[in-house]
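If you check Swiss-Prot, you get these features:
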- Asp222, Asp224, Asp226, Glu233: Ca(2+) 1 binding site (BINDING)
- Asp256, Asp258, Asn260, Glu262, Glu267: Ca(2+) 2 binding site (BINDING)
- Asp450, Asn452, Asp454, Asn456, Glu461: Ca(2+) 3 binding site (BINDING)
- 216-241: domain 'EF-hand 1' (DOMAIN)
- 243-278: domain 'EF-hand 2' (DOMAIN)
- 329-364: domain 'EF-hand 3' (DOMAIN)
- 437-472: domain 'EF-hand 4' (DOMAIN)
- 1-29: transit peptide (TRANSIT)
Amino acid sequence: MPALSHYRSVSSLPSVDRSFLLIQRLRIHGSSSSFPESSPSASILSGADPLKCTVSGGSLAKWITGISAGSALGFLYWSSGSSDSISGLFGGSNLLSFADSSTPSVCGVKVGDLKPRSFIPKLSLPGYSSGFIFGDAYRRKIFFNYEKRLRLQSPPEKVFEYFASVRTDKGEILMKPADLMRAIVPVFPPSESHLVREGYLTGERNPGELRCSPSEFFMLFDVDNDGLISFKEYIFFVTLLSIPESSFAVAFKMFDTDNNGEIDKEEFKTVMSLMRSQHRQGVGHRDGLRTGLHMTGSVEDGGLVEYFFGKDGSQKLKHDKFTKFMKDLTEEMLRLEFAHYDYKRRGSISAKDFALSMVAAADASHLSKLLDRVESLSEHPHLRDMRISLKEFKQFDELRSKLGPFSLALFAYGKANGLLTMKDFKRAASQVCGITLSDNVIEIAFHVFDSNQDGNLSVDEFLRVLHRRERDVAQPIAKGLSRYFSDGWKGSKNCSSS
């Protein structure tokens, strides 16, 4: 009975050795043609290390390795919810998600200390890693397109949550003024930074500190002096910013329902409610009540209304004060946009960042081509080294507010004289719109919007991008705010004539 005697000899071995021997015996019986019978058993019985013998077989080692790797990854995923545990695990280094950081900050409230917005945080990887499959330029384009669709198609709650950078101890999500700008204006990450996106989704890691330029303007009507914007104030500002600058006077006439040259609080609230019904992000809040974000209250009950009508709401708002406020609000948003691109706080932005601000409003079908033209600025040293000041940035933005007459001037000149030169462009801006554009601004614009690279401006493409930005910020629905103010202007003229 050789098998029985062999079993008895094996039973005298330690339990671990017996287990490995049984595994080996099963493998030997199953594949006797491939492995000599004497080799494995002899090695074990002769006192050789059973683990080494098993590893030489290969399958058990792979099985154990797989379990170990899976357990390690599972532990990493579980522990990624705690910044302390992760930093300790990797020697104290900060970890970010695939999405990379939003915008690092130099001011205010630290967002890195805020609580995560999900019970299941995403697996994190080292921030600013050069080992991503796709380069930063490609990832910026992907995130930019996503954020643009988010602004135009998502409900206001989602837009607010994505771009807001502050969460209080009570769980309320708030915005800084720079967050408001990014939620409304399509912007690229600054070219002088390593950033690839402007916000983050629920469940992702907090992006650390967000860069936010301080805003004295928003502090004027900040009741609690924290410099932060609530969701109801966000809806309020989005609605006001949808009014074109050329329609400020028309807007006031619409507010002044009794035609006495002043606006009281009830008139203001009535027309604001109507305006929200014409705005895509405000349409869900026509009744003035906030839904979502676990908050309740009227959109009109905020610091701005108190700024307009006093604490008791009895003061009247005059035309001059309203018009000045609207112009200051528009200018402040422009300043925040410039500060966003002025990443190194030099008081000027690069030619590339200025070009990015111009093409950011382009539709998706034209964006890639325009971005290629922006990237080609680096091939021309005199363009690459140009810097644009805040004054030049504002002067170019004025063209958007006077796009109607400027468009007519460009098309009329093009039909009469053919190609449009830089001198013609500058003269049209000066004589028709009263705007003085610098040579640097015009040269960058001609380079970016020269579709066939013949040295001339593609007028259609240039004007289409400028017009699209105005439309995207307004985000009208149904007839649209432009029609709304047009009808209001006709009504006010009829009232005046009668």
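Placement of Cβ uses the backbone N, Cα and C atoms for every residue, glycine included.
Within 10 Å of the C-beta atom of Asn452 (Ca(2+) 3 binding site) sit 7 other C-beta atoms, taking all shown protein chains into account. In the structure shown, the C-beta of Asp256 has more C-beta neighbours within 10 angstroms than that of any other entry among the binding-site residues Asp224, Asp226, Asp256, Glu461.
Residue pair Asn260 (Ca(2+) 2 binding site) / Glu233 (Ca(2+) 1 binding site) shows a Cα separation of 28 Å. With the fewest other Cβ atoms inside 10 Å of its Cβ, the least crowded of the binding-site residues Glu233, Asp258, Glu262, Glu267, Asp450 in this structure is Asp258. Geometry remark: Glu233 (Ca(2+) 1 binding site) versus Glu267 (Ca(2+) 2 binding site), CA distance 18 Å. When the binding-site residues Asp222, Asp454 are compared by the number of other C-beta atoms lying within 10 angstroms of their own C-beta, Asp454 comes out lowest. Annotated Ca(2+) 3 site Asp450, Asn452, Asp454, Asn456, Glu461; additional same-chain residues within 8 Å of its Cβ mean position, judged by their own Cβ, are Phe449, Ser451, Gln453, Gly455, Leu457, Ser458. By the criterion of other Cβ atoms within 10 Å of the residue's own Cβ, the least surrounded of the binding-site residues Asn260, Asn456 is Asn260. Glu267 (Ca(2+) 2 binding site) has Asp222 as its nearest neighbour among the binding-site residues Asp222, Asp226, Asp450, Asn452, Asn456, going by CA to CA distance. Among the binding-site residues listed (Asp256, Asp258, Asp450, Asp454), Asp256 has its Cα nearest to the Cα of Asp226 (Ca(2+) 1 binding site). Note: the Ca(2+) 2 site is recorded as Asp256, Asp258, Asn260, Glu262, Glu267; in the same chain, Phe255, Thr257, Asn259, Gly261, Ile263, Asp264, Lys316 also have Cβ atoms within 8 Å of that site's Cβ centroid. For Asp256 (Ca(2+) 2 binding site) paired with Asp454 (Ca(2+) 3 binding site), the C-alpha to C-alpha distance reads 52 Å.
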